[in-house]
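Swiss-Prot has this to say about the protein:
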- GLY83, 86-87, THR91, 93-96, 111-119, ALA123: 5-phospho-alpha-D-ribose 1-diphosphate binding site (BINDING)
- GLY83: anthranilate 1 binding site (BINDING)
- SER95, GLU229: Mg(2+) 1 binding site (BINDING)
- ARG169: anthranilate 2 binding site (BINDING)
- ASP228, GLU229: Mg(2+) 2 binding site (BINDING)
Amino acid sequence: MITPQQAIERLISNNELFYDEMTDLMRQMMSGKVPPEQIAAILTGLRIKVETVSEITAAAAVMCEFASKVPLEDADGLVDIVGTGGDGAKTFNISTTSMFVAAAAGAKVAKHGGRSVSSSSGAADVMEQMGANLNLTPEQIAQSIRQTGIGFMFAPNHHSAMRHVAPVRRSLGFRSIFNILGPLTNPAGAPNQLLGVFHTDLCGILSRVLQQLGSKHVLVVCGEGGLDEITLTGKTRVAELKDGKISEYDIRPEDFGIETRRNLDEIKVANTQESLLKMNEVLDGKEGAARDIVLLNTAAALYAGNIAASLSDGISAAREGIDSGRAKAKKEEFVGFTRQFA
């Protein structure tokens, strides 16, 4: 077993930790056995050295081990729609809006998220604003997925062991490995995923991590300028894991008959209230950039979740989900379901 001090010495010498060593180290941190000063040194050392696929995979596997899981007999059809955050773009809650549209098109969505770190509004913030109850038990979340097609897992409720590292993370003031672990540790075990990241380098890295963790169909995306969504302003880098193989390619809005925008100003918001207003406009069928970016991201989620055979088919299904009124009804159904447990 590696000690925290040995790990620190390895990292400051610019040497990577082997999978078993990272597993041991992570278990010690998640069990509260590593003092804050050493956690800070470990996170700093990993960041400076740059985390490897093996180190991230080991850390994610341990986080899953310690997580409070959602008990579902059949998780094979589940899809998660999630972003790392950290892009600083201040856009409205695109992935949360896409969740309702995807569910309206027949997807079973198990969304894992938290409060805002760098954005104007996190998934949990906007869900609370719309009246949803975030504090469901794992069993109630499983029931929500079965009944409404949507389950929201509020990250702090499922990763209580994070309390041992959270204060250090906050005090460091820079991105650490934990910024990318959240989207890799879905408590419902969703094997399919649309994952937005803040740097194109992470597309290849995290697709390989998810491959090793046993994911089935994943699209890891990074929009031009570091947006952790499929963007409207130009190309989006995609790393797709499917049938055990990874392929990387670029997509653009015009590939799907959607107008490329010069900037994202039309979809930026200042706070949670504005984000919910923008979401409601999309679900009400209002045309514009907000609708278009939701169509693109929902299409990718439907494709990742194997509901749509292609991104183009996904666009059609997403459009129909909104225009039929089913997406708006799905939001109301989900909120109503959660409130019965308030």
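Each Cβ is built from the backbone N, Cα and C atoms, and glycine gets one as well.
Annotated features, which come from Swiss-Prot, shown on the structure.
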residue : record                                              : DSSP class
GLY83   : 5-phospho-alpha-D-ribose 1-diphosphate binding site : strand
THR91   : 5-phospho-alpha-D-ribose 1-diphosphate binding site : strand
HIS112  : 5-phospho-alpha-D-ribose 1-diphosphate binding site : strand
ARG169  : anthranilate 2 binding site                         : helix
ASP228  : Mg(2+) 2 binding site                               : coil
Ranking the binding-site residues HIS112, ARG115 by other Cβ atoms within 10 Å, which is at the bottom?
ARG115
Do you know offhand how many angstrom separate SER95 (5-phospho-alpha-D-ribose 1-diphosphate binding site) and ARG169 (anthranilate 2 binding site) by C-alpha?
25
Among the binding-site residues GLY83, HIS112, ARG115, ARG169, whose Cα is within 10 A of the Cα of GLU229 (Mg(2+) 1 binding site)?
GLY83
Over all shown protein chains, what is the count of other CB atoms within 10 A of the CB belonging to THR91 (5-phospho-alpha-D-ribose 1-diphosphate binding site)?
26
Could you check which of the binding-site residues GLY83, THR91, HIS112, ARG115 is the closest Cα neighbour of ASP228 (Mg(2+) 2 binding site)?
GLY83
At a 10 Å cut-off from the C-beta of GLY83 (5-phospho-alpha-D-ribose 1-diphosphate binding site), count the other C-beta atoms across all protein chains.
25
Rounded Cα distance in angstrom between the residue listed as 'anthranilate 2 binding site' and GLY83 (5-phospho-alpha-D-ribose 1-diphosphate binding site) is 18
